[in-house]
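Reproduced below are the annotations present in TrEMBL:
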ACT_SITE  Lys494  active site, proton acceptor
MOD_RES   Lys494  N6-(pyridoxal phosphate)lysine
BINDING   Arg597, Met774  substrate binding site
DOMAIN    704-828  domain 'Alanine racemase C-terminal'
ACT_SITE  Tyr725  active site, proton acceptor
Amino acid sequence: MKPKGYSSIELSNICKGTHEGVTTVVTHILIDSRAQQEYSDSMFVALIGQRQDGHQYIEEAYQKGVRSFLISRSQIISDQYEDANFIVVPDTLKALHQIASFHRSQFKLPVIGITGSNGKTIVKEWTFQVLKEVYQICRSPKSYNSQVGVPLSVWQLTSSHDLAIFEAGVSQSNEMECLERMIQPNIGIFTNIGNAHAQNFESQEKQIIEKIQLFKNCNQLIYCKDHHAIDIQIAKTIFSQPIELITWSREKSTVSLQITSITHSNKKSLIKGIYKGEDVEINLPFKDSASLEDAIHVWLLCLTFSIDTAIISEGMKSLTSIAMRLELKKGIHSCTLINDSYNSDITSLKIAITYLKQQQQHPQHTLILSDILQHSESTEKLYAEISDLLNRNKIDRLIGIGPNIQAQKHLFQIPTECYPDTISFLNSIDQIKFYNEAILIKGARKFEFEKITERLQEKGHNSTLEVNLNYLIDNLNYFKSILNSNTKLMIMVKAFSYGNGTHEIANILEYYRADYLAVAYTDEGIALRNQGIALPIMVLNPEPQSFDSLIRHQLEAEIYSLRNLRLFLENLDRNTYFQDPNQAVKIHLKMDTGMRRLGFEQEQLDELVELLKANPQVKVASVFSHLAASDEQEKDDFTQLQFERFNTMTAKIERSLGYSFLKHILNSSGILRFPDQQFDMVRLGIGLYGISNTPEHKAILKPVNRLIAHISQIKHLKKGETVGYGRRGVMPTDGTTATIPIGYADGFSRLLGNGNWQIEVNGKLAPTIGSICMDMLMIDITGIEAEEGDEVVIFGENNTIYDLAKARNTIPYEVLTDIGSRLKRVFYLE
Ligand SMILES: *Cc1c(COP(=O)(O)O)cnc(C)c1O
């Protein structure tokens, strides 16, 4: 189902731009040159963000085959692009909005616009789940609801759709008007409003008024009257035309749908109500209040559409939770698994494939895909488009599961095997070779692909360090927002990226355009090179024996002493055969400005420079130093002294050496506390994982890690019975204990035993009881409802890594780097 194509001239007219160059047909819009899909028929929109300028990536997009560009800086047009076109406008985002509005106005169909603080995506996806057999639905991919997400969502509309559902999110005033012009909804849903008003709004009232803008041209608006603040504002609003307010409530009877009772049994709920004077009811497979609210919105929408009662009750009964996140974990035979159980549709497949292709540590990329449960004019067309997508992305192998994809097997040009269902694939799985490849597992819910993940994942320790990559990216962007536009960013990925992982983290950093990586030892750098990481890598503490393999792998050594430099030079003399004679070997010089650990002293600089001048085969890429107390305010005088010394030392080297180099001194807390000392580069470490020492930044940064495990066994004990080695744990009352498979060999220190730490079990905190064992520990769960196999949180949101560090008398750095390598790491991306 390709979107309608436009000629580039037509698009230029729509956004009143100037068209330069040849005319092409545009069927796809690209805003990220890194996305691998769609080239020749795509238009690349060069958006200008806070720190990133899309114009920088025009060359890259052109190399990938893009021939149409929407830009605002006409000076980048050059002869080199003679077979391309450029649409020049003053503001590319605004032009993208104009194009989306125009495209939307080509279609006459019911369009549902959803906004509110929470539940937008779930209401959208559930509406789709219930109505997908009734309508051909176009909907926002994932939660594409921003100023950039909405135009991309609207662009998907084609004449084959007869219903559209788009979500709209605003983060500040005056944004909704633009979104409304693109979505042009005729039916609105206002889900709810949070208690605290969002950062950029003066008050909750202002926030509601802004959101209501989405509905100003709607004919119908659905909302819950129990949200009084919303109800009051809607009553005050003057809409441009008569609008039918379709409401529901648990309290009032003067509404369209009055909820009369909600009863729960097991994990299910039965909701009864009165709609147009008649009794109505639905069953839901949830009981939490947020899900119930989302579901009632969907229900009322279906009632408004006069959908057949049987379809409603069947649809509501089988709603499934929406997994918005991708999960990356280790697989058997050195494979990497990416598990994405988000509804299978082409757009989310594209997003997942982009992530699959980031896994450059593997030579081969495999896709296991179920039937796509999406209405389409023809299944043949749908699978032809997927085949095209796989070709463009150079996917090496497809395993298709389901009758539809099997029937279309002939359309795929890459090696393809098909199976009618998941069971038959699982029955043959042992005959299929999986080795050193990245495997994307993407299936619609009903195909139960979790069974495939189960079979292909590496077995072993079931306790997991979760790494939230979205938070990591948010933290990265937060640090970038502090940096001056020309300050480079080096990321410290030493010690297994502070316990988080190697290539998994480096791949993300490369994708998000970090400038440099740093590791502690040569081996760590070599491992990254072998996994395909191409970024420059500095090695902080290279052993002299490793100098030649360091150079061979294009790693860059830190040199901290004269002896160290002489050894490095001797090594170069001996190993000239692998050097490029036209290129000097890059080194980084470490100055000791007060840490008293490694580094040159002021008095050694003359000798240092002399040695460097005599050896032009090495080139100083950077000179740096490290702060001893960047996070301790009472020692700021000393930190200032370090800055002064650093200035003096670098000035001296620069003067006598006769060329310049990068200078850098700030680590994470340095970046946060001394933003005017950025020099040319900064070195970000712990802050990337959301950890900071200052309360102010603790509130902004997002902790990336959670450590989870599962209960192995539950025991019922009598008062006075003892637990564990040395009988040090004593039951204070009759009660219950749970045994958790994690111990000091996994980095969970013995200092945390005997009540010194609390583990979260089903929302409640349970203290450790007795001493921590090598591979296990026990907790007292008296009074907490729990079953064997339940997930428990060792540290997370409610029992933080900060408190854990304090409880064992150390710092979060040590807690993270202590987490044993035998624990699984799972990476999540929404
Ligand atoms: C580890 C390290 C950093 C990063 O420190 P954080 O406090 O984690 O930001 C910076 N520079 C050097 C030399 C380091 O060794």
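Every residue, even glycine, has its Cβ placed from backbone N, Cα and C.
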Look at each of the recorded positions, Lys494, Arg597, and point out the one with the fewest other Cβ atoms around it within 10 Å.
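Fewest other Cβ atoms within 10 Å, among the recorded positions Lys494, Arg597, is found for Arg597.
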Could you find out if DSSP has Met774 (substrate binding site) as helix, strand or coil?
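For Met774 (substrate binding site) - judged by DSSP and reduced to three states - the answer is coil.
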Between Lys494 (active site, proton acceptor) and Met774 (substrate binding site), what C-alpha distance do you get in Å?
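It is 26 Å, counting Cα to Cα.
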For Tyr725 (active site, proton acceptor), list the number of other Cβ atoms lying within 10 Å of its Cβ atom.
13
So how many other Cβ atoms are close to Met774 (substrate binding site), meaning within 10 Å of its Cβ?
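By my count, 12.
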Please report the Cα separation of Tyr725 (active site, proton acceptor) and Met774 (substrate binding site) in Å, rounded to an integer.
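Distance (Cα to Cα, whole Å): 11 Å.
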Write out how many residues of the domain 'Alanine racemase C-terminal' (704-828) are helix, how many strand and how many coil, based on DSSP.
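Residue counts in helix, strand and coil order: 23 helix, 44 strand, 58 coil.
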What average pLDDT is reported by the model for the domain 'Alanine racemase C-terminal' (704-828)?
96
Using DSSP, would you call Lys494 (active site, proton acceptor) helix, strand or coil?
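It is helical.
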Going by DSSP, give the three-state secondary structure for Arg597 (substrate binding site).
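Going by the DSSP assignment, Arg597 (substrate binding site) belongs to neither helix nor strand, so it counts as coil.
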